[in-house]
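Taken from Swiss-Prot, the feature domain 'Fe2OG dioxygenase' applies to 78-179. Under the heading Fe cation binding site, Swiss-Prot lists 97, 99, 160, citing sequence analysis as support. Annotation source Swiss-Prot lists 2-oxoglutarate binding site at 170, citing sequence analysis.
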């Protein structure tokens, strides 16, 4: 399932993130690339020891914690601390690749299984040319280029790339989510049921049938979720 979520960051949060990123120093994006990805990755990344990293991560995670659509679509069990990357000049693209299934936490203690990948755009699309996130999966090929502050989520098993940025600068935040529901088809069914329940409540209220169907949703989640 591919899903876009608008306005994950408020205007104030986006301005704060932009200010922090403007003060940041960047390093080669190869620091987090696996063996396959290293052959096609050509961008820059904010290093772990960046003075701005903690504030930026706190800002993004705080926004995700209050976003109901992000929760129902990903059902997060663990969220890998977000990373930040930049595409511009000669470091301007990332060829087709698949994200590693297991991601080591930045502190080196433990792993996160990458079930869902997410990109939070931090540059407005009018400010750069190229830089589309192209994703191939069972839903076909999708090209994504969103307004700053908006996010796309998609299965981490998807083959994807960032096309060359030929003018301007593309800055984004990316992260990996381990879901309580590992199977993407089960996760999609739960999302669709939750959205249908939301629409039913708006249309007809908390009827007996809606309450019963809500119980079915939670029983399915109880059956499929990992503790």
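Cβ atoms here come from the backbone N, Cα and C positions, even for glycine.
Features per Swiss-Prot, on structure.
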residue: 97; record: Fe cation binding site; DSSP (3 states): strand
residue: 160; record: Fe cation binding site; DSSP (3 states): strand
residue: 170; record: 2-oxoglutarate binding site; DSSP (3 states): strand
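Across the domain 'Fe2OG dioxygenase' (78-179), the prediction's mean pLDDT works out to 97. The separation of the residue listed as '2-oxoglutarate binding site' from residue 97 (Fe cation binding site), Cα to Cα, is 19 Å. Between the CA atoms of the residue listed as '2-oxoglutarate binding site' and residue 160 (Fe cation binding site) there is a gap of 17 Å, rounded to the nearest whole number.
Neighbour counts were taken at the CB atom with a 10 A radius for the binding-site residues 97, 170; the maximum falls on 170. Compute the center of the Cβ atoms of 97, 99, 160, which mark the site for Fe cation; besides them, the chain residues with Cβ within 8 Å of that center are 37, 94, 96, 98, 117, 156, 158, 159, 161. Residue 160 (Fe cation binding site): 23 other CB atoms within 10 A of its CB, across all protein chains. Taking the Cβ of residue 99 (Fe cation binding site) as reference, residues of its chain lying under 8 Å away and at least six apart in sequence are, in sequence order, 37, 114, 117, 156, 176.
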